[in-house]
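**Student:** Have a look at the structure that comes next, please.
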Amino acid sequence: MATLLRSKLSNVATSVSHKSQAKMSGMFARMGFQAATDEEAVGFAHCDDLDMEHRQGLQMDILKSEDGEEGAETPLEGDIHYQRDGTGPLPPSASKEACSELSGQGKPKITAWEAGWNVTNAIQGMFVLGLPYAILHGGYLGLFLIIFAAVVCCYTGKILIACLYEENEDGEIVRVRDSYVDIANACCAPRFPTLGGRIVNVAQIIELVMTCILYVVVSGNLMYNSFPNLPVSQKSWSIIATAVLLPCAFLKNLKAVSKFSLLCTLAHFVINILVIAYCLSRARDWAWDKVKFYIDVKKFPISIGIIVFSYTSQIFLPSLEGNMQNPKEFHCMMNWTHIAACILKGLFALVAYLTWADETKEVITDNLPSTIRAVVNIFLVAKALLSYPLPFFAAVEVLERSLFQDGNRAFFPNCYGGDGRLKSWGLTLRCALVVFTLLMAIYVPHFALLMGLTGSLTGAGLCFLLPSLFHLKLLWRKLLWHHVFFDVAIFVIGGICSISGFIHSLEGLIEAFRTNAED
């Protein structure tokens, strides 16, 4: 009897240990590639432990015992393995709060400043280079939209986090959800319990893949404009860039890449400062008369998508807030990060446009003098190539989890063998995804159009439409009238801007595709 008791206790302890490790690995892995869903949140890549344990441990099922089965024992507290999708039932004695506390052991929480650094990386990334082009077609209204988008994205980020919490029986506010997908599923339950999560996953995959395409496009564009005298076309530069990126298909984790990505992020801030310094040196020639209140009706909707895309960070905010030392500081952190982003983006876009006025190009560094353009662009290309694995790996993880590793609900057989190794056909699919980003970059090599399309489609959806809709659905009984008004207004305005920007961007892409096909 004593031996059996010791054996049982040992099994329970081992189970709890495995659960804690798997839970932490899943949480930080999710945090890692959720940060990468948006463009530059490289701080989370340091937490990305997607190794063999991640491949195998997170697929463990909940240990079940049938109540009426003869000889079955009641599961003890903690006798549970982490299930990746979080849909398995908990044992009667295991509470969500207990699991949360257990998952928080062994890994340090991040401060508000560290969280702000990750948000800043996400919304102050490389795609800021397209904002002066938005001012070209929007004038002062474009500047207003940079401010407006900052305010709205800050607000929707806060209400998205509010959807993670509910009151318990004691009237206390507790966290009952962990991710954007959980919120979406809660809104569609009970009739369609997984529909919302699938919609969010599809939007996330589209945004991730489009981000990869944009990296290839900007790499080809920058290299072509840096060395215009070489007999190499932009398409050829894109092919060379993709050849460099092909080893991404073999990635198992992002630890090595994250070290370089952090340095590239710092280098990008330096490049932004250099561009602004050059613009300030030509302040006497600034074309203030070129900045007007009229808009280009055909091209301005594309500018809306560009501006929105530069602020997308909502997809990883739930993981970020859940890993803060003091979640109460989240609102303050969102305020100062978006205020700083608004000021820096507005100044960068304005001074760059004033310097080159109607000569402003889709990627502003192409306007720099040839003496410094090549150096700056080479740094930017290096940054783009080293940033590519982050959204690529995140897209692969979402696709593999949704289509190949979702237990009995998976559409296709598991692409990993019993030993955790990637099967040959799984590797082929990864290579095909890299080649797909190349083909899109070759046939539609337009940075602004692709950025506008992505911002109008997934950016507006994830940042404007879905947060306001989920907030109304989950918390409408407790909302004040002005919150309801803001949510409805954001949903309507966001929907109009999204549809308008998507239509105009799609028209531009179709026209560009036809032109390239004829050539």
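Glycine too: its Cβ is placed from the backbone N, Cα and C atoms.
Got these off TrEMBL a minute ago, pasting:
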type	residues	note
DOMAIN	109-505	domain 'Amino acid transporter transmembrane'
TRANSMEM	141-165	transmembrane segment
TRANSMEM	205-224	transmembrane segment
TRANSMEM	260-280	transmembrane segment
TRANSMEM	300-320	transmembrane segment
TRANSMEM	332-354	transmembrane segment
TRANSMEM	374-399	transmembrane segment
TRANSMEM	427-444	transmembrane segment
TRANSMEM	450-472	transmembrane segment
TRANSMEM	484-503	transmembrane segment
**Student:** Would the transmembrane segment (300-320) and the transmembrane segment (141-165) count as touching if the test is at least 3 Cβ pairs under 8 Å, pairs 6 or more apart?
**Tutor:** yes
**Student:** For the transmembrane segment (427-444), give me same-chain residues lying six or more residues beyond its boundaries with a C-beta closer than 8 angstroms to one of its C-beta atoms, as numbers and ranges.
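**Tutor:** Same-chain contacts beyond the ends: 209, 212-213, 216-217, 220, 235, 238-239, 242, 245-246, 248-250, 392, 395-396, 399, 415, 450, 509, 512-513, 516-517.
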**Student:** Take the C-beta pairs under 8 A between the transmembrane segment (484-503) and each of 141-165, 332-354, 374-399. Which stretch has the highest count?
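**Tutor:** If we count Cβ pairs closer than 8 Å to the transmembrane segment (484-503), 141-165 scores highest.
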**Student:** Looking at the transmembrane segment (141-165) and the transmembrane segment (450-472), are there 3+ C-beta pairs under 8 A, with each pair at least 6 apart in sequence?
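**Tutor:** Answer yes: the transmembrane segment (141-165) meets the transmembrane segment (450-472) with 3 or more Cβ pairs below 8 Å.
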